[in-house]
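Q: Can you read through this structure? Questions will come right after.
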């Protein structure tokens, strides 16, 4: 039974249903009225509240340089309120109208969140002053008394709700309870705490915490397996209003407040709300190379602009592709204190019927039949990993969990994916929630080439078991090195353990087609391979096809090369090159054949990622056997150059220049440049009408860096003819 929904949310009393005494409490932004005087009964005429202990002022020690934000690793947040991490003590000071007398005075603290605070939901937390603090429970103790003031050390529970709490101080009098008034300055944000052993997201390595929680810049690996490209991405989780925007996402997803201490639930709802499908979430995806009324996915340089635009407009931000969803998701996770990293899987399977194989159907000629072929291989696909314990699974499946905000397939009726235990995926234990079979298929499918004979028998021409999930990478800890993590997802290709993991996955219900209605006899006596020459955008290049005839027979091979411009998702836009030739293969010899690709053949249709996909199929005329092979390749795209002038000191003006030379034989029109750097400058944009062929553009920007230390500047250039042009520069900002 679903909850009745009310169209008018502004009404004072939301509709109740028969199962609950109170409506669902799923907004951190909403509040309730808290009485300043809770009378126990009739108040006698002579009662004067001033005769009792009164709170004059509460000091929160909330400046970045003060004890709380320093000890809780929250000093980088550009936010004036107190931000602490759960399960770790923080300090506040209360000034009364007279010295506090423990013998006769009684006061306590109240932390509230949401509109219907209740003790059993963890949304109303009364704290009495005691003697000891333990991270399992809320508590407070007096550490210092001087004149009219007391200093308190307060402990939040290591499992408490993550969000923004309101604070009241309540004083007991014989006739009623007197509370402080609502004061937003004392609001306290409580975040996950990877430094606390009792927290579900505890991470024991300081270097890893600095990378996965505190680093606000990362690297996205893209391109393809033979030509790995990288670009920086500004996560900006500490920038102004980003923490509020992230809390708003949980309100938007209508996650019950009582579930917001659980990182599993938060990841699951966030993976749905990051994309706009079915819930009007943050980013609208577009994979069709037309980005009217929006920003092209390749133009974004970071998450901040996207989250702030969503937070203010409440409408999906256009447009994103996988690395944009993953970049925004990473910001969300790190901002709340959940350790997270962005990973890239090269040759990622999008297996639309989850049968652990990608089916490519060939026609009689040996060319791919586009109508029948539904599965696709993404050159790369980015998703995230979040670090947490999994008390809902057997022991051993905690640690990194795969979560994916890109809308590919639905899970429990919504476009979301994860959290799926990476360890469970590696061992084939795909029965454990959530969405492990889908991720397992992304890194483990086989590529099967088959063709139907005239009599209807399906002949499998080739099975490639190593093409998918060839390489899985992420940014190194504390460095810009690329680190391979393929071994965390799968055992060594061809090893005994790998076969076992596959059999386990099949046992747990991952469908694997068997070859009963097909015949498969691999081609043994001729081997074929091809190489694509590395090339810069706008130049000609060649594809070299090599045959090795291992037999003592002479053969002729009718060879087809099909060159396609593809989206990075492996979906073809169009075929720009068709070439066939007859190759003579002498016994026991290797022979090579070159096919030239000219820039005029591909330039007019090129897409975002300057990405090609070549299919080569060859039919050995004497035996009727077919050889098939496919490879993706990416062109070298020019980069932006970023330079700085003068000294770089916090709070002093400095100058940044971005330069770009147009490499194409055509004029670029309506070009947008973006530049950003967390802690140095907010995103700046500039439009240029035209950049003629071979000419150089120079854009100078003045800015005042806010934070000292090693920072990164990131720039992007975008126009219809050229996308994915980036530049970056690491700079050291000195202390003033």
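Yeah, the Cβs are placed from backbone N, Cα and C, and that goes for glycine too.
Remember, TrEMBL labels are computer predictions, not curated facts.
Just so it is clear, the model here is predicted, and its values are computed rather than measured.
Here's the feature list from TrEMBL:
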- 322: active site (ACT_SITE)
- 381: active site (ACT_SITE)
- 404: active site (ACT_SITE)
- 444, 446, 493, 498: Ca(2+) binding site (BINDING)
- 314-407: domain 'Transglutaminase-like' (DOMAIN)
- 1-33: region 'Disordered' (REGION)
Q: Measuring Cα to Cα, how many Å separate residue 381 (active site) from residue 444 (Ca(2+) binding site)?
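A: The Cα atom of residue 381 (active site) is 14 Å away from the Cα atom of residue 444 (Ca(2+) binding site).
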Q: Within the domain 'Transglutaminase-like' (314-407), count helix residues (DSSP H, G, I), strand residues (E, B) and coil residues, in that order.
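A: Here the numbers are 15 helix, 41 strand, 38 coil.
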Q: Once the chains shown are all counted, how many other Cβ atoms turn up within 10 Å of the Cβ of residue 381 (active site)?
A: 28
Q: Can you give me the same-chain residues 6 or more apart in sequence from residue 444 (Ca(2+) binding site) with a CB-CB distance under 8 Å?
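A: Counting only residues 6 or more apart in sequence, the Cβ neighbours of residue 444 (Ca(2+) binding site) under 8 Å are 349, 356, 468, 469, 490, 502, 505.
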Q: Given the recorded positions 404, 446, which one's Cβ is surrounded by the fewest other Cβ atoms within 10 Å?
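A: Among the recorded positions 404, 446, the lowest count of other Cβ atoms within 10 Å belongs to 446.
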Q: Output the one of 493, 498 that, of all these binding-site residues, has the highest number of other Cβ atoms within 10 Å of its Cβ.
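A: The largest 10 Å Cβ neighbour count belongs to 498.
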Q: Around residue 322 (active site), how many other C-beta atoms are within 10 angstroms of its C-beta?
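A: Residue 322 (active site) is surrounded by 28 other Cβ atoms within 10 Å.
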Q: Taking only the Cα atoms, work out how far residue 493 (Ca(2+) binding site) lies from residue 404 (active site), in Å, as a whole number.
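A: Cα-Cα distance, residue 493 (Ca(2+) binding site) to residue 404 (active site): 25 Å.
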Q: For residue 404 (active site), which of these recorded positions sit within 10 Å, Cα to Cα: 322, 446, 498?
A: 322
Q: Same chain, not part of 444, 446, 493, 498: whose C-beta falls within 8 angstroms of the C-beta centre of the Ca(2+) site? Give them in sequence order.
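A: Near the Ca(2+) site, beyond 444, 446, 493, 498, sit 465, 466, 468, 469, 490, 494, 502.
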Q: Between residue 498 (Ca(2+) binding site) and residue 322 (active site), find the distance joining the two CA atoms and give it rounded to the nearest Å.
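A: One finds 28 Å between the Cα atoms of these residues.
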Q: Can you give the mean pLDDT for the domain 'Transglutaminase-like' (314-407), rounded to a whole number?
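A: Over the domain 'Transglutaminase-like' (314-407), the predicted model scores a mean pLDDT of 90.
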Q: How far is it from residue 446 (Ca(2+) binding site) to residue 322 (active site), counting Cα to Cα, in Å?
A: 23
